[in-house]
Structures are given as C-alpha cells and as structure tokens.
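TrEMBL lists Glu122 with the feature substrate binding site. Look at TrEMBL and you will find 5-182 tagged as domain 'GCVT N-terminal'. What TrEMBL records for 208-285 is domain 'Aminomethyltransferase C-terminal'. Sequence annotations record features per position, and here TrEMBL assigns region 'Disordered' to 208-231.
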Amino acid sequence: PLQGTLTLLTNEKGGIVDDLIVTNTSEDHLYVVSNAGCADKDLAIMKDRVKELQAAGGDVYLEVLDNALLALQGPSMARVLQAGLSNDLGKLSFMNSATMTVFGVPGCRVTRCGYTGEDGVEISVPAARAVELAERLLGDPEVWLAGLAARDSLRLEAGLCLYGSDIDETTTPVEASLVWTLGRRRRTAMDFPGAAVIMAQLKEKPKRRRVGLTSEGPPVRPHAAILGPEGRPIGTVTSGCPSPSLCKNIAMGYVEAAYSRAGTALAVDVRKKQHPALVTKMPFVPTHYYMAK
C-alpha cells in the first residue's frame, strides 16, 4: 500500500507501448500515471481490457482524473514543500505516495519520484487549482521554472529513458535493459502481452542492448550511427547532449549485444566524421533519491 513502481505497457510483439508509474493506493484502487503523449492510446487499451474483464465477470472499472501534474525536483525540494504540508515529508520514501493538502489545496497526491535523478516529488493536483499551487511554490526564491532542455539533460545524466526516443513499440524490455520491471510472478505466469517474445529474449539473450556512451569531439545527437572498432555501423544513438554536470558529451543508444559491455571502445559518426566513444555504465551522474530511515 502507498508504494509505486515503474512498469511497462507492452504489445503482443513485446514492444513497449508506454512506461507507466503505478501506485497501489490505500483506497482499494491503482493510481496510474502515463506519459501525456501516450495517454489516448493507453486509455483506449485499458478501456478495451476493462470491457473484456467485465464481460468475464470481473469487478473492475476505470476512472480518469481531471488532474494536473507538477514536478518539484532538486536538493531544496523537501524544505520548500514541507512549509506547505501538515504531513511529515521525512516519512515519505522514494516511490511512495500519500494524499494530502499542499499549501491549502486539498486532495493532492504527492509521490516521491521524478525524472531528474534528484530527490523530488510529483504532485497530482486538481486541474482548477494547479496554477494557484504553482504560483505558491514559485513564491520561494529557490524555486525556478525549468524547461524541457533542463529536464532532458537531467534525465539523461540519470540514465532514464525518454519514451519515443529510447523506448517505443519496436523495443522490448530486454533490449532496453528494463527487465527489472518484470516481477518473478509475471515471468512465471507469462500473463501479459508479448510474454512469449520477452521471455524468449531473456533466455536466449537479445541481439541488441541499450547502453550509455561518453564521447569526444562535438556532441552526439539522436540518430547518429555508432561504429564498432573496425568502423562498421553497429547501432544508433537515441539520446545525446553535453552533460552540464560532467562537462563532457553523454549519450544513450542501442548497439549489437557483443559490443554492450562497459569499457568497450567504439566511435560515433557526427557530421560524417568519426569521434571516439566509450560504453559507460549508467547513471552517468549518481542519483540522490530519498530513502526514509
């Protein structure tokens, strides 16, 4: 109860339809957060499945909340947010959530998670009061609005996937190094879409894998070719940018499995020139998720 997890919505071919945060609430229901860009297709899949389950006599229904989602991330998050809570934020551990009043706005679900690698929360707030809450948070001089560029560099430093770039319906959880999202019971039961494909890859190993890269020269961008030691294309970059924290180029992409071991020397093609690259463990920057004692 009150714990959330990252999970994957898969298709019959084992591809990733979306990555979701699902929380087992204390109110006898699951709370699901999807990517905004995938919400319509996710909802259509869930509605069809609900009809199937109801037709089979299942006691299940789907409710869509008219809520907005605000993310407050960074080292000062706990101090800033605690000022507007009666709850003790110190008791809320990473990937746990609770419903509470935040700066006078009731009915907010605060989940200690985020997309930056830092300590942070995502606040599900009634849409009509989202601007009010955002303005209250911005009243603290340490709180700044952050654009997508800042979000993207932070999530890449933390080794986190961007749906539509690093994972999509053509990539499987095994190729994407996300098999940790698949629990032991589900592996045994194989009761999810694409189970046969995914379990076969787990047993036989996939032909390609997602890896982290650091590189020299100009920053590497998505769709750039990754080259093996002999200069042959062995993969493709899916995300890349200069790392503000490390002051070096970082990237993520898929390579043939034989070249996926950390420390493997490769190259990247940037504007028809080859530049040295190194397969590097992720996260590139250590994360600072909060684990309550």
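A Cβ is built for glycine as well, from the same backbone N, Cα and C atoms used for every other residue.
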Could you pull out which residues elsewhere in the chain have a CB under 8 Å from any CB of the region 'Disordered' (208-231), counting only those six or more residues past its ends? 159, 161, 165-166, 171, 175-177, 237-242, 248-257, 259-260, 262, 265-271, 273-282, 284
Helix, strand, coil residue numbers for the region 'Disordered' (208-231) per DSSP? 0 helix, 11 strand, 13 coil
On the domain 'Aminomethyltransferase C-terminal' (208-285), the mean of the pLDDT values is 97
